[in-house]
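A.B. asks: One structure, as structure tokens, below. Some questions next.
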Ligand SMILES: CC(=O)SCCNC(=O)CCNC(=O)[C@H](O)C(C)(C)COP(=O)(O)OP(=O)(O)OC[C@H]1O[C@@H](n2cnc3c(N)ncnc32)[C@H](O)[C@@H]1OP(=O)(O)O
């Protein structure tokens, strides 16, 4: 039954005995039914004390959850991040302020706990800007014609390299160790602690849509696993012969020579004519390893949205690629404790970000801070879009030099 006019949801943690009703919101809100393996996985990773419901009486009509993640920030440090997920409102109660009440409760809670950064991926990107989340990273997918794809001879595969097929479930711990070698190298990366290591290789039969079960190939050098790829294949034929597709879910190795060896393998599977790669960073080296870049058809999508819950603390937790000393004037109506002027000064060794009464040099909002945080969006682009105002000539360029990434940030798994 839909709510009467003047409805004001009460937002609170989910109590024992309410979980079935809370879990029932998601399929109604998202309109689908997840395979049981995925439901079971999500039930295992949810942190019960970080799940909230919006209630009408005793009935939950909206849901939201937070995960206790860590994330690499520019400079390589790892900072705690609240990963926001499971946001849904019953269709009977939409557009009556339930999401707004959930966001209010959640951000107030993060503020009280001193959690400086929140992150999410959005079902619809237009939803979260009003709550101060800014688009911070992109993901790239590639569709590659195998016949046109020529990979370079260099770097040659390391001497002693051996590729070995493994059962994805049995290889989980091994693969996570390889993945962890990457963590400090690129902003946006998050560890896959505990059950999160199962997230990428999760392979419910109900999700396969004609593809093979997930395969795992390990790249060993002198007996040590140094890289791995998860992939599946779709077998197909037409009058010209085989037209199969290799679906690459992930190819990970810290050593570029090992990663290239994995690509050679994935590009050379018999009967496959197309390679589809999901979720790469925008500057992935694979783009520059194809002799003919048009062999790959890229598509791009928004990935991570970031919210600085505590501007000062968050900006001090990262470093800056060049010296910076600017006064930032922040407008943050949804989290007013951030509003005001902040002096950010720092370099590659560390940073301070403190309240100041000095004259403002750059004016921006919470959403822009989120977009800038991982160095995946340039201050100049946001200024050109009319979203940052430069009040002291030169301040924009100074911030731009300080936020110049060595590599673009990347979120390697969804949550
Ligand atoms: C991190 C994640 O989990 S992403 C997943 C989000 N969930 C989904 O997409 C599931 C399907 N959708 C839903 O469950 C709901 O429609 C929600 C959660 C998107 C919105 O919930 P509602 O309770 O209807 O939103 P609410 O009434 O609080 O609206 C708050 C504001 O957001 C706006 N808004 C709500 N949904 C959308 C949307 N899909 N696109 C753009 N704006 C939106 C409203 O217009 C309102 O704007 P205002 O600030 O100008 O007043």
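Note that Cβ sites are derived from N, Cα and C of the backbone, with glycine treated the same way.
In case it's useful when we look at the structure, here is the feature table from TrEMBL:
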type: ACT_SITE; residues: 128; note: active site, proton donor
type: ACT_SITE; residues: 415; note: active site, proton acceptor
type: BINDING; residues: 87, 88, 89, 95, 96, 97, 98, 99, 100, 123, 124; note: acetyl-CoA binding site
type: DOMAIN; residues: 9-157; note: domain 'N-acetyltransferase'
A.B. asks: When the Cβ positions of the recorded positions 87, 89, 128, 415 are compared with the atoms of ligand 1, which fall under 6 Å?
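C.D. replies: Going through 87, 89, 128, 415 in sequence order, those close to ligand 1 turn out to be 87, 89.
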A.B. asks: Pick out which of the active-site residues 128, 415 has the most other Cβ atoms within 10 Å of its own Cβ.
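C.D. replies: Within the set of active-site residues, the most crowded position is 128.
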A.B. asks: Most Cβ neighbours within 10 Å: which of the binding-site residues 87, 98 is it?
C.D. replies: 98
A.B. asks: Within the domain 'N-acetyltransferase' (9-157), how many residues are helix, strand or coil going by DSSP?
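C.D. replies: Summed over the domain 'N-acetyltransferase' (9-157), the classes give 49 helix, 50 strand, 50 coil.
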A.B. asks: What's the CA to CA span in angstrom from residue 96 (acetyl-CoA binding site) over to residue 415 (active site, proton acceptor)?
C.D. replies: 26
A.B. asks: Take the C-alpha atoms of residue 98 (acetyl-CoA binding site) and the residue listed as 'active site, proton donor' and report the distance between them in angstrom, rounded.
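C.D. replies: So the alpha carbons of residue 98 (acetyl-CoA binding site) and the residue listed as 'active site, proton donor' sit roughly 14 Å from each other.
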A.B. asks: How long is the line from the C-alpha of residue 87 (acetyl-CoA binding site) to the C-alpha of the residue listed as 'active site, proton donor', rounded to the nearest angstrom?
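C.D. replies: Between the alpha carbons of residue 87 (acetyl-CoA binding site) and the residue listed as 'active site, proton donor' there are 11 Å.
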A.B. asks: Would you mind checking how many other C-beta atoms are within 10 angstroms of the C-beta on residue 100 (acetyl-CoA binding site)?
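C.D. replies: Result for residue 100 (acetyl-CoA binding site): 15 other Cβ atoms within 10 Å.
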A.B. asks: Say you check the Cα of residue 128 (active site, proton donor) against those of the recorded positions 89, 100, 415; which is nearest?
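C.D. replies: Closest recorded candidate to residue 128 (active site, proton donor) by Cα: 100.
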A.B. asks: When you look at 87, 88, 89, 95, 96, 97, 98, 99, 100, 123, 124, which the record names as binding acetyl-CoA, what is the longest CA to CA distance in angstrom?
C.D. replies: 19
A.B. asks: Sorted by position, what residues of the same chain at least six away from residue 89 (acetyl-CoA binding site) have a C-beta under 8 A from it?
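C.D. replies: Those within reach of residue 89 (acetyl-CoA binding site), by Cβ under 8 Å and sequence separation of 6 or more, are 25, 29, 54, 61, 62, 63, 98, 99.
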A.B. asks: Including all protein chains shown, what's the count of other C-beta atoms within 10 A of the C-beta of residue 124 (acetyl-CoA binding site)?
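C.D. replies: Other Cβ atoms within 10 Å of residue 124 (acetyl-CoA binding site): 6.
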